[in-house]
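S.K.: Mind looking over this structure? Questions follow.
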């Protein structure tokens, strides 16, 4: 009788290795939060240096968010073809290099373009890391794993604000992007070394050395190695990625309502987070007070 590895993971107790994978995914989310929200904390200094208008600042603040949306829509689906691990690594390269590029730019137009590219990388990481954390958690702890993932984004945004308070006054706003780029590259190296591939992808797509890669992962989780790749039925593959099911029957209206509600929540969140430091500073507060308020939010 063939073994169902995914079912075993779903019903067995969580191993230390599984929690370690979730920790890596949380760290990836921390990097994402830092890379996306750092513009909100550096915007006052960038605006002062280049004498930017409100429209130009708005472009800088929104370009990363548009890039994140583009990455989630167009880049994240590639994970089903090339693997979630490889996509995360590629997106870390994109985000890391573009963050370093932001530290060297001499115009707001180039900064906006690089922020858009950073957002593309962040969007791909967000989607894939959430799926990885969900896949490696068992049924009992899956909700907690996803919740912990969501906290990483806020932690990263907060760290961006704290670092801004510490560095901008002494080293300038470019140092924040440099620090973010270096941290992202370090996370890339950690992920190359320690982040496993999605077992669901390995079982469904069966790339080269799929069995060896699966056994390496399941052994670290304390499970018995497979002797051969189990049958992965066509039903499993047909039931994945069918977005049309979201709009069948009454689900279509419910889906649109959920999307619209989530859009409004995210719109309000990013608007407040992005503009608060800049608005408070323009009202007479010091840069430190404006950034500190952004951190508290």
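Every residue, even glycine, has its Cβ placed from backbone N, Cα and C.
The transmembrane segment feature in TrEMBL is assigned to 20-43, 55-79, 86-106, 112-132, 144-168, 174-196, 253-273. Taken from TrEMBL, the feature domain 'Major facilitator superfamily (MFS) profile' applies to 21-297.
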S.K.: Would you mind giving the whole-number mean pLDDT across the domain 'Major facilitator superfamily (MFS) profile' (21-297)?
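M.R.: Computed over the domain 'Major facilitator superfamily (MFS) profile' (21-297), the mean pLDDT is 88 on the 0 to 100 scale.
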S.K.: Between the transmembrane segment (86-106) and the transmembrane segment (253-273), are there three or more C-beta pairs closer than 8 Å, counting only pairs 6 or more apart along the chain?
M.R.: no
S.K.: When you check the transmembrane segment (144-168) against the transmembrane segment (20-43), do you get at least 3 Cβ pairs under 8 Å, counting only pairs 6 or more apart in sequence?
M.R.: yes
S.K.: Quickly jot the same-chain residues contacting the transmembrane segment (55-79) by Cβ under 8 Å, restricted to those at least six beyond its ends, or write none.
M.R.: 35-36, 39-40, 43, 46-47, 87, 91, 108, 111-113, 115-124, 126-128, 131, 198, 201, 241, 270, 274-275, 278
